[in-house]
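S.K.: Mind looking over this structure? Questions follow.
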Amino acid sequence: MPTREEILKALESVIDPEIRKNVVELGMVREIAIGEDRVDVTISLTTGGCPLRNHFVVAVRKAVRALGVEEIGVEFDVLSPEEKAALQQRLGMKSGLPDGSKASLAQVTNVICVGSGKGGVGKSTLTVNLAAALAAEGKSVGVLDADVWGYSIPRMLGLGSERPPVSAERKILPLEAHGLKVMSIGFFVAEDSAVVWRGPMLHKALTQFLEDVDWGALDYLLIDLPPGTGDVSMTLAQLLPQARFLLVTTPQATAQKVARRAAEMATKVNLDLLGVIENMSGFTTPGGERFAIFGEGGGQQLARELDLPLFGKVPLTMPLREQADAGEPLVATDPDDPASQAVRQAARGLIAATPTVELPPILQELPGLPVMQHEPKGATLPMA
Ligand SMILES: Nc1ncnc2c1ncn2[C@@H]1O[C@H](COP(=O)(O)OP(=O)(O)OP(=O)(O)O)[C@@H](O)[C@H]1O
């Protein structure tokens, strides 16, 4: 078993997304209990109703699991008023500590960035269809189109360039389509106009999407990244220490090599890799003859090289393209199409690979604390 010091060192990777400092530095690690085959960590929150619990459970488990510990318990208590005052002083804050209520991603269990490296491999098509397949499995799902240069999600979900409404709390409300919550840069710029944002402006736009959009409680937020790496993944890694990266590639060796570079970049900026989906994996004629138009095996090879699961191989089918052009996810309109079946299988694999967060029993028993439970999902923790 790791030592207390090793665990504390690992917990330095657990960032409070609002204060943007790690929990060790913030003095929020109350207790570390090292058992024979398990570790229990108690995190002190700034407020009992802090909706960031969910984020901390996932991040603490990930940090301690990296030390080879299988069984990890995460408990919570609340900083005393004196401890809070001391923390506030240490941070040089004049006003109160954040209570988590402004973090619009606080109730999002899984944030998954879908990226490819190479353009045109079907990243947006798969994002939309995976989202619809996750929704069909009973999950609550949001889609953020972060492909700021080539946003195509609104079109693929049949949404125009209508501006999203703003709530009384001055939060931007995502539009809804096919049971999904959707946000895209495309809602804010004139149709077909090119967005030439770089560096700080891009950072600002993405920050706003992530912080000012009222996503509410979601099991999954899928983020469609622009092709390539760079500014967007850097920004996301800074803003979303809990995000994971799903790689899309075609069977072609060139696409797979570029995807591997994207994976390396993601790792560099500390985005955890989740798995691989191969798209455009062969075409079968109505007569049953199969053509490996883009070759074979790229997804499998990429998954093997990176030691990741291959969630699926989605074939080329005309309806997948046609339905995307018509603004409908194929998995919703024709779940039996071979491409739909492959995407649905990938969604089930994704669900299995992203375990939902258990509600700590103590929170279910606390009187007077509003607890929001999502049966049968059981994935979302209480909100303030
Ligand atoms: N499995 C498939 N079968 C048939 N057509 C597909 C398939 N996957 C994607 N396409 C089509 O290929 C084109 C490119 O797909 P898409 O726009 O999703 O790629 P992308 O990787 O997001 O591109 P970009 O890099 O420009 O954002 C689209 O016309 C889409 O409908």
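Cβ atoms are placed via backbone N, Cα and C, with glycine included.
Just so it is clear, the model here is predicted, and its values are computed rather than measured.
From TrEMBL, for reference:
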type	residues	note
DOMAIN	4-68	domain 'MIP18 family-like'
BINDING	Gly117, Lys118, Gly119, Gly120, Val121, Gly122, Lys123, Ser124	ATP binding site
S.K.: Please work out which residue of Gly117, Gly119, Gly120, Gly122 has the most C-beta neighbours within 10 angstroms of its C-beta, and give that one of the binding-site residues.
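M.R.: Counting Cβ neighbours within 10 Å, the top one is Gly117.
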S.K.: Would you please pick out, from the binding-site residues Lys118, Lys123, the one with the fewest other Cβ atoms within 10 Å of its Cβ?
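M.R.: Taking Lys118, Lys123 as the binding-site residues, the minimal 10 Å Cβ count falls on Lys118.
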S.K.: Within 8 Å of the Cβ centre of Gly117, Lys118, Gly119, Gly120, Val121, Gly122, Lys123, Ser124, which other residues of the chain have their Cβ, at the recorded ATP site?
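M.R.: Going along the sequence, the neighbours come out as Ser116, Pro227, Val248, Ala255.
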S.K.: Across all the protein chains here, work out how many other Cβ atoms are within 10 Å of the Cβ of Val121 (ATP binding site).
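M.R.: Other Cβ atoms found within 10 Å: 26.
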S.K.: Could you tell me which of the binding-site residues Gly117, Lys118, Gly119, Gly120, Val121, Gly122 have their C-beta within a distance under 6 angstroms of some atom of ligand 1?
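M.R.: Among Gly117, Lys118, Gly119, Gly120, Val121, Gly122, near ligand 1: Gly119, Gly120, Val121, Gly122.
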S.K.: Can you break down the domain 'MIP18 family-like' (4-68) into helix, strand and coil residue counts using DSSP?
M.R.: 21 helix, 18 strand, 26 coil
S.K.: So if I draw a 10 Å sphere around the Cβ of Ser124 (ATP binding site), how many other Cβ atoms end up inside it?
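M.R.: A count of 25.
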S.K.: Three-state secondary structure of Gly117 (ATP binding site) from DSSP?
M.R.: coil
S.K.: Look up Gly122 (ATP binding site) in the DSSP assignment and reduce it to helix, strand or coil.
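M.R.: Note: Gly122 (ATP binding site) is coil by DSSP, not helix or strand.
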